[in-house]
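Undergrad: The structure that follows is given in the form of C-alpha cells.
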C-alpha cells in the first residue's frame with residue numbers, strides 16, 4: 001500500500017486530483033451510493049432545475065461494467081499519461097496556465113454536450129488534452145500497440161479509431177480533438193505562427209491562486225509582440241513550415 005501511496009503522491013498536483021476524481025465518481029455510481037442518473041449531464045435538469053453539479057460529475061463519471069470496463073481503463077491511462085506529460089512538460093511550473101487550458105476545453109465540451117445532448121464528457125476532455133500534447137510534440141515518434149510507430153501528431157486520430165474498435169464512439173473522440181485543436185490554434189498557432197492577435201490568455205486571478213514556480217517554460221503562452229512572415233524568417237526554404245513542438249519536446253518514449 002505504501003508503494004501505491006508513494007506513486008499517487010508522485011503524480012503532478014492537477015493531474016492527481018483529476019485522476020482521483022475520475023476513479024472516485026465512477027466508483028460512487030458503481031456502488032450505488034449515488035444513482036448514476038444524478039451524475040450525467042441532462043440539459044433540462046441542468047438548465048431548468050439548476051442541478052449545477054452535473055457538468056462536473058459528467059466529466060468525471062463513466063459507467064463501468066463488463067462491456068465498458070476496458071474502455072474506461074484505457075482512457076484513464078490516457079488521462080494519467082498525457083495530463084502528466086503536459087503538466088510536467090510544456091506547462092511545467094505554470095499551474096495556472098494548465099488549469100486555464102483545462103477550463104477552456106471543459107467549457108467548450110460542456111456547451112457542446114448541452115447542444116448535442118451528450119450525457120458523458122470524460123472522454124472528450126481527455127482527448128482534448130491528448131490532442132494538445134500531440135500538437136506540441138507533433139514530430140516526436142511515439143509507439144502504439146503491436147510496435148507501430150508514427151509521429152505524435154497522428155496519435156489522436158489513431159486513438160479515435162482504436163477507441164471506436166473497442167466500443168467507444170467516434171463522436172466523443174472527435175469532439176475532444178476539435179476542442180483541443182481550437183485551444184491549440186487560438187493559444188499557439190494563430191498568434192505565434194500566423195502573427196494574429198492573442199484571443200486567449202490566462203486570467204490573473206488564476207495566477208493569484210496558482211502562482212508560477214521557477215523552472216517553468218519561459219514566456220509560455222505569451223505570443224510574440226510581432227512576427228515576420230515565415231518566408232522572410234526562413235528565406236523561403238522548407239516551404240515555410242514550422243516544427244511545432246520543438247520548444248516543448250518531452251522525453252522520448
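Glycine residues also receive a Cβ, built from the backbone N, Cα and C atoms like all the rest.
TrEMBL entries are annotated by machine, without manual review.
Predicted, not measured: the structure shown is a model, and the values here were computed from it.
Quick paste from TrEMBL:
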type     : residues : note
TRANSMEM : 17-40    : transmembrane segment
TRANSMEM : 60-80    : transmembrane segment
TRANSMEM : 101-134  : transmembrane segment
TRANSMEM : 154-186  : transmembrane segment
REGION   : 220-253  : region 'Disordered'
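Tell me about the surroundings of these features in the structure.
TA: With a cut-off of 8 Å between Cβ atoms, the residues of this chain six or more beyond the transmembrane segment (101-134) that come close are 14, 18, 22, 40-43, 46-47, 55, 58-63, 75, 78-79, 82-83, 85-86, 89-91, 152-156, 159-160, 163, 168-169, 171-173, 175-177, 179-184, 187, 200, 250.
Same-chain residues lying 6 or more positions outside the transmembrane segment (154-186) and placing a CB less than 8 Å from one of its CB atoms are 67-68, 70-71, 74-75, 78, 101, 104-105, 108-109, 112, 116, 118, 120, 123-132, 134-136, 142, 144-145, 199-200.
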